[in-house]
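Trainee: Questions regarding the structure given below will be posed in turn.
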Amino acid sequence: MRRRCHFTCISLQMEEFLGPQAEYNEEEEERKYYRRKRLGVIKNVLAASFGAMIVYSVYMGLLQMQLILHYDMTYREVKYSNLGLEDIDRKMLMGINVTPIISLLYTPVLIRFLGTKWMMFLASGIYALFVSTNYWERYYTLVPSAAAIGVAIVPFWASLGNYITRMAQQYYEYVNYREEHVQEQKKLPKGACHRYIIVFQSVFSSIFNLSFVFAEFPMRFVLNGHLNTNKHILHSVKTCGANITGLIPGFNTTILERLPRSMLLIEVESILMGFAFLAMIIFLLLCGAAYRPTEEIDLRSIGWGNIFQLPFKHLRDYRLRLLCPFFIYSGFETMFAVTGFSLSYGVCVLGLDKLWLLIVVYGLSCSVFSSLSLSLLYFPRWVCLVAGAAVHVTLIVVLLALPLRPNNPEMLGPLLVISALWGLGSALNKTGVSTVLGLLYAEEKERLDFVYAIYHWWQAIAIFIVYLWSNLPMRAKLSILLATLLVACYCYWLMERRLLKKVSFRLPRIPRPRHKVKGYRYLEEDNSDESGSENSDGEEEDGKGDGAEELDREGGGGDQHAASGDSSPAAARRAAEVHHRRRDNVQAKEGESEERPGG
């Protein structure tokens, strides 16, 4: 009797354990699951922003310290004798600035092959390699690592732009997980994720622009204590500002009063190396994947020839063509701020010991005013670009007319104000361009890497032009800046006018994925995760207007969550329902085929 009661108690406990739980609320669990997903997206955005900020803080800080040390004649003679550091620096800068010219040929291929997250990780590793080569400053260490940075610049930035926009798309999907088009993995409605793109681009720019601030730490805390007086450094300088040719004609070649200790430089480089590794770890461990595994398979399986050609075919879209002048100006104005203005106006007038202050004010201004792009939540998308252009036009005119003389500390206040205002214009310009691109291609998961590769390729071309024009008169540089900005504003107005009139634009069709692997459930013809366009032949067909942007997402949408590792309760339930429905259809068809011969 006792054994029977014991068996009955065990049976009741098993039924209670295995049976439906009265306290289990499926909707509440689903809500908690997608809340965790949304927090994961926010973590990804912050991690990518801080990782990029650390990478560029290390890179710009080390490069600035290296160029200043190598410029000093005493440092070169005492430390390296006849090594020819000046010639090495010229070749190193050439490697950084010239190599990105061909980046449009390989950037989309690298991103599609490695994936967005792994491309960011690999690029940060190349920057860390550049830091490590400064322990042994030779031609065969510095120049190859500089060329490697030139190779990685455009893929790194294209991956970052793609990643931030993709996170906005994911956040929208996790907020609206109950919507039918999200559950079936169809194309997002037009304008659905715009608010998230605006917010995430603003957050990224605010964090990244702090890199200009942290990059000045080596200058402020290490080199400033070893500099000569301004009277010595600027002794032969006769004029400043718009009247000079080159950067600072007459600048003294002995700018160091005493040489920094070798161990001090090794300690600084070791600290920078540690932060470079930290950035790599952030990209590796804290940044989640931008795409589901099956989506990444589809992105690659459209064929490497198509991936190579599509960036050039996208340039037939008049929206991208008309934004190209703004892409170019974006590279011009950033390089002018950190080289032309900071040297020909700041250092020439205030002295080399105030260089860090000008750059810090510029970086803080960029960081703070990047939040102004949040105004696009309530105003049209042209507000940021037009406001930034108005600020820069005014400042360029002021810089052309401003009379300046060397070693004039009284001009510290006005120059700091100009630096802060230039940072305001830069923040509106750079955040505005990235946001406008995201808004125009918000619903196009498959096009983001091509679009951002084109943007940053034109930026790299602009930076190369700035590298070439370093010996031009300052008035010519400012005139080129002004002309480029006015052309960019006119082209942007033309683009918005065409969009307002609903002029059709041409977009190349992205071929349907061609899977060579057979036997996997999610690669079967009836249950695929194909995210390509309607063109299954792999040939380019130009669409007209919004109709060209429609992609075929009807097939296999129900099982995509299950195939991609999405383990939410609702996703599992939907996958099971689709599976049972298809099995019933197959059984019904088999029954009909069996009945036909007898009939």
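Using N, Cα and C of the backbone, Cβ positions are placed for all residues, glycine too.
Whatever TrEMBL says is automated annotation, not expert-curated.
Since the structure is predicted, the reported quantities are computational estimates derived from the model, not experimental observations.
Here's the feature list from TrEMBL:
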COMPBIAS  525-552  compositional bias 'Acidic residues'
COMPBIAS  561-573  compositional bias 'Low complexity'
COMPBIAS  574-599  compositional bias 'Basic and acidic residues'
REGION    521-599  region 'Disordered'
TRANSMEM  41-62  transmembrane segment
TRANSMEM  92-111  transmembrane segment
TRANSMEM  118-136  transmembrane segment
TRANSMEM  142-164  transmembrane segment
TRANSMEM  196-215  transmembrane segment
TRANSMEM  271-291  transmembrane segment
TRANSMEM  322-343  transmembrane segment
TRANSMEM  355-378  transmembrane segment
TRANSMEM  385-405  transmembrane segment
TRANSMEM  450-470  transmembrane segment
TRANSMEM  476-495  transmembrane segment
Trainee: What same-chain residues lie close to the transmembrane segment (385-405): Cβ under 8 Å, and 6 or more beyond its ends?
Mentor: 239-242, 326, 333, 341, 345, 348-349, 372, 411, 418, 421-422, 424-429, 432-433, 436, 475, 478, 481-482, 485-486, 488-489, 492
Trainee: For the transmembrane segment (142-164) and the transmembrane segment (92-111), does the number of C-beta pairs under 8 Å, pairs 6 or more apart in sequence, reach 3 or more?
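Mentor: Stretch pair touches.
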Trainee: Excluding the flanking five residues on each side, which residues at least 6 beyond the ends of the transmembrane segment (41-62) place their CB within less than 8 Å of a CB in that stretch?
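Mentor: Same-chain residues near the transmembrane segment (41-62) but 6 or more away: 120, 123-124, 127, 130-131, 134, 149, 160, 163-164, 167, 170-171, 174, 200, 203-204, 207-208, 210-212, 214-219, 269, 272, 275-276, 278-279, 282-283, 286-288, 338.
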Trainee: Please figure out which one of 92-111, 118-136, 271-291, 450-470 racks up the most CB pairs under 8 Å against the transmembrane segment (476-495).
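Mentor: The stretch with the most close Cβ contacts to the transmembrane segment (476-495) is 450-470.
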Trainee: Of the stretches 92-111, 271-291, 450-470, which racks up the most C-beta pairs under 8 Å with the transmembrane segment (322-343)?
Mentor: 450-470
Trainee: Flag the pair the transmembrane segment (92-111) / the transmembrane segment (450-470) as in contact if three or more Cβ pairs fall under 8 Å (sequence separation 6 or more).
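Mentor: In this chain the transmembrane segment (92-111) contacts the transmembrane segment (450-470) - 3 or more Cβ pairs sit under 8 Å.
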Trainee: Using a Cβ-Cβ cut-off of under 8 Å, list the residues of the same chain that are 6+ residues beyond the ends of the transmembrane segment (450-470) and lie near it.
Mentor: 93-94, 97-98, 100-101, 103-104, 107-108, 111, 153-155, 157-159, 161-162, 165, 246-247, 310-311, 314-315, 320, 323-324, 327-332, 334-336, 339-340, 433-434, 437, 441, 444, 476-477, 480
